[in-house]
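For reference, the structure is listed below as structure tokens.
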């Protein structure tokens, strides 16, 4: 039987309930519940001040301060209003990416339809925020200052297309990185297993590639963390555009 490397991203029902409505608990839903539960426990520890001086406490405080500084450096004084949102989203992506690195787990960040829909919702929220704060003046964002009048229609079209592309690119960047990383690890791992199970010589020759796979896995863990941070940076920048129109 042939197994595709993409099978690991297939959404499968784990529990079906057929009544008036058909309800299904899928692997995507299960891991999403796990991630959200971790976020609730994580935030409750912070809000109740039970961090202490343990290594976990120091790590949580470091993450908190990092995102807080990021938000204020990107958005400015108004950043405090948006910090809870960005901090929650960072931790959601951070936890989801790390859980996906566990063998036989499920990568919810690699579901392109879901993650792009999420970024689209955030983009729509940014547009609504800009219209709420500035009214029709929000569309001045699409006209660069000092633009010659004859070039205004062309630049407005370019800026509008660039701004609209954020709705897809924000989530697509995250999903594509996680998807490609997991595919690479699975393909290399499968090749090494086949090589080492072929013969004694193949078993000996497969030891060196194992070291490479371990190195790639460590790199993927770093990328998983960086992608959560990059998502937060970009979202903060988009909110800044809606708040200050530049």
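Every residue gets a Cβ built from N, Cα and C, even glycine.
Bear in mind that the values here come from a model prediction, so they are computed numbers and not experimental data.
Residues annotated as transmembrane segment in Swiss-Prot, with sequence analysis given as evidence: 20-40 (among others).
Among residues of the same chain six or more beyond the transmembrane segment (56-76), those with a C-beta under 8 A of the stretch's C-beta atoms are 42, 45-46, 82-83, 86-87, 90-91, 94, 229, 232-233, 236-237, 239-240, 243-244. Summarising the annotation, Swiss-Prot assigns transmembrane segment to 56-76 (among others).
Panel annotation: around the transmembrane segment (82-102), residues 31-32, 34-36, 38-39, 42-43, 63-64, 67-68, 70-71, 75, 108-110, 122, 174, 178, 182, 217, 220-221, 224-225, 227-229, 231-232, 235-236, 239 of the same chain, lying at least six beyond its termini, place a Cβ under 8 Å from a Cβ of the stretch. According to Swiss-Prot, the transmembrane segment annotation covers 82-102 (among others).
Note on the transmembrane segment (112-132): residues 28, 89, 138, 141, 166-172, 174-176, 179, 235, 238-239, 241-243, 245 of its chain, located 6 or more positions outside it, place their CB under 8 angstroms from a CB of the stretch. Per Swiss-Prot, transmembrane segment is recorded for 112-132 (among others), and the stated evidence type is sequence analysis.
The transmembrane segment feature in Swiss-Prot is assigned to 138-158 (among others).
Residues or ranges marked as transmembrane segment in Swiss-Prot (evidence: sequence analysis): 176-196 (among others). Counting residues 6+ beyond its ends, the transmembrane segment (176-196) has Cβ neighbours under 8 Å at 5-6, 8-9, 97, 100, 107, 109-110, 112, 202-203, 205-206, 209-210, 212-213, 216-217, 220, 223-224, 227 in the same chain.
For the transmembrane segment (203-223), the list of distant contacts is 98, 101, 177, 181-182, 184-185, 188-189, 191-192, 195-197: same-chain residues at least six beyond its ends, Cβ to Cβ under 8 Å. Per Swiss-Prot, transmembrane segment is recorded for 203-223 (among others).
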